[in-house]
Amino acid sequence: MEIGIDKMGFYTPHMYVDMNKLAVARNDEPEKYTIGIGQEKMAVPPITQDAVTLAANAAMEILDEADKEKIDLVIFATESGVDHSKAAAIYAHHLLRLNPRARAIEVKEACYGATAGIQLAKGHISLHPDRKVLVLGSDISRYGLHTPGEVTQGAGAVAILMSANPRVMVLGKESAYHTEDIMDFWRPLYSKTALVQGKYSVEKYNSFFKTVWEDYKKKTGLTLKDFAAICFHLPYTKQGLKALRLVIDEGTAADKERLLAHFEVSKQYNKIVGNIYTGALYLSLLSLLELNTDIEDGARIGLYSYGSGAVGEFFSGILQPNYREYLHVRHHRKMLSERNEVSVQEYEDLFNQELPADGSDIDLPVENDPAPVLLSGIKDHMRMYINKDQS
Ligand code: HMG
């Protein structure tokens, strides 16, 4: 039986800050941000968006009533969780009005979480081929103002519907993965922003890639010539290019040309959204699938997932006949092109807005946020969500 990605949704908030302007405000050269880091715009979330709402907004666009009935497992990957106990998946399950005869859980391993979700979904579907699994990867990436990581923030979510006989991509059975206990990036329970050893994290991202790539080649016998493209977890777009360059000389001139050209396509969405942690690899895949003009059905796409702490995995998938018909390119282009630019001052003000931490109630300004699903406030320690499309 073949299992994989049947549909892919994506959501990012309606505001962004321009990286040239952020660079000027930070006394950096704009080219450091746009070329050295490879980011042009960074999504800025309003206080009415959190991991739950971003994910629900991403999933709403792809699910029809038949999907909702067949989904019996919701796996919510995030490192921006909203509760220590209750899974974000349960809020999303409710907001999306999914079938109650379902399991709903949250998984965590930094940016690797959604890949863990996808691999678990494959196991579930192989036992229950008639069921579908909704995998959500949703995050708000926060390092803090005036930090080296600031330029690599972002916000957004991907929603991936996994099924048997998928219409977009069949995922291969073989996969190479690696775990090592390292402190490259983490967020202690008391901190709202991530701690990071930036250069060390880059080094580990790259060394994990080499490890799992070598292992994958041994396991499968595949080499660069077998891949139309390789998508990477993109904390910022230059990072993927650095990793690709580590192996590109294994290929012929034609392999190099093809893989570098397709890498350019695969970074287009990420460079105007920023790091969305768990969803970043799949945003890059979406960018590749929605924007390429020459990748044929049957082509193999490699996927490198990395979550700090750290777990890395390399796997691949085969594009299915007429895969473009099942994507939502028009919707995503519209969402991205209709966003509003905010000034650096407005971005800083939004960054500094916080929900009360002392247990008091709050009503949030939902009228300022065009998203359908919103956090409307906190009452009696409970988060209040609304879905404007269903009220
Ligand atoms: P930094 O020290 O500010 O930057 O931090 P830099 O001095 O290393 O410069 C960055 C690049 O810009 C360099 O290029 C410079 O040469 C270049 P490189 O050597 O890397 O190719 N540059 C210029 N280029 C053109 N024109 C100029 C110019 N000036 C400089 N004028 C760093 C950069 C990435 C370390 C920082 O932003 C950071 O700490 N980011 C957060 C950590 C991160 O994203 N790590 C990536 C790997 S870990 C990962 O992916 C997991 C993660 O997503 C978390 C999770 O799993 O949940 C982060």
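Cβ coordinates come from backbone N, Cα and C, glycine included.
What TrEMBL records for 2-164 is domain 'Hydroxymethylglutaryl-coenzyme A synthase N-terminal'.
Taken from TrEMBL, the feature active site, proton donor/acceptor applies to E79 (among others). Of all the Cβ atoms in the protein chains shown, 25 others lie within 10 Å of the Cβ of E79 (active site, proton donor/acceptor).
Under the heading active site, acyl-thioester intermediate, TrEMBL lists C111. Residues near C111 (active site, acyl-thioester intermediate) in space but far in sequence (CB under 8 A, at least 6 apart, same chain), listed by position: E79, H233, P235, Y277, T278, A280, L281, S305, Y306, G307, S308.
Under DSSP, K242 ((3S)-3-hydroxy-3-methylglutaryl-CoA binding site) is assigned to a helix (H, G or I) in the three-state scheme. Shown in sequence order, V202, N206 are the residues of the chain, 6+ apart in sequence, with a C-beta less than 8 angstroms from the C-beta of K242 ((3S)-3-hydroxy-3-methylglutaryl-CoA binding site). Taken from TrEMBL, the feature (3S)-3-hydroxy-3-methylglutaryl-CoA binding site covers Y143, K242, N275.
H233 (active site, proton donor/acceptor) falls within neither a helix nor a strand when secondary structure is assigned with DSSP, and so counts as coil. The feature active site, proton donor/acceptor is assigned by TrEMBL to H233 (among others).
Residues or ranges marked as domain 'Hydroxymethylglutaryl-coenzyme A synthase C-terminal' by TrEMBL: 264-352.
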The domain 'Hydroxymethylglutaryl-coenzyme A synthase C-terminal' (264-352), counted residue by residue under DSSP: helix, strand, coil: 43 helix, 20 strand, 26 coil
Integer mean pLDDT for the domain 'Hydroxymethylglutaryl-coenzyme A synthase C-terminal' (264-352): 98
